[in-house]
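To keep things clear, I will list the structure first and then write my remarks on it.
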Amino acid sequence: MTSGANSSGSYLPSEIRSSKIDDNYLKELNEDLKLRKQELLEMLKPLEDKNNLLFQKLMSNLEEKQRSLQIMRQIMAGKGCEESSVMELLKEAEEMKQNLERKNKMLRKEMEMLWNKTFEAEELSDQQKAPQTKNKADLQDGKAPKSPSSPRKTESELEKSFAEKVKEIRKEKQQRKMEWVKYQEQNNILQNDFHGKVIELRIEALKNYQKANDLKLSLYLQQNFEPMQAFLNLPGSQGTMGITTMDRVTTGRNEHHVRILGTKIYTEQQGTKGSQLDNTGGRLFFLRSLPDEALKN
């Protein structure tokens, strides 16, 4: 009886020591898991911040582009250009906005997946705590564990599973980085195409505006200068008057020059009439001063 009691007493301290070792090992594992969890959270925070900043920038850029498109639409409508090209650009801008919103949703889903993986890591830590509590309960009841090597096996399996999951998370992180780089490249390509189309529309609008101005000038010249040319090219007008008026009309650019020409022509006509009257009056005076014999001859 005494030998049995001594053997049972010697067995209990060895069990207590092994349980203490297991407890310490599990505590270390839990601390390691907590540190890794904090590292993952710290890695996720800058990604979230970058995602939010990029989304804000994209939304602000889209708003500015919509405003510029509206301004261009107003300008094109004022200049009489076709609105179909502007409507197409607006549709393209709306499609770009929808694509960006879809990609943002995908990024949010990926962030949620990362958060779920962190929760899975927490569940693993809880599962590791479960055998700890069982061992403690068995010790309190005075029952010996069936196999002291079993918790170590479970711990090694948990470590392996955790390491595999960490590797998977890193692979997924690298894949997300590559996808993000591709997304940025596609966004830059779309922005460059969009800017190129806007520049082409501006060039076409300027060309149409110049054509409209040329037509207006030609109509203005036809309406204002052709009647004056017809009036000045009448058969009753003198040669000198025709030459001066034609020179003035070809060199003139507005109605003010035409009015000046009219006044000059009128003064020239008055001057020629006055010179003719002076000549006739001088001749009559000379004839009256001559004697009658000279007139008879």
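Each residue, glycine too, has its Cβ placed from N, Cα and C.
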Matching range for Swiss-Prot feature annotation, coiled coil, among 83-117, 188-222: 83-117
Overall pLDDT of the coiled coil (83-117), taken as the mean: 76
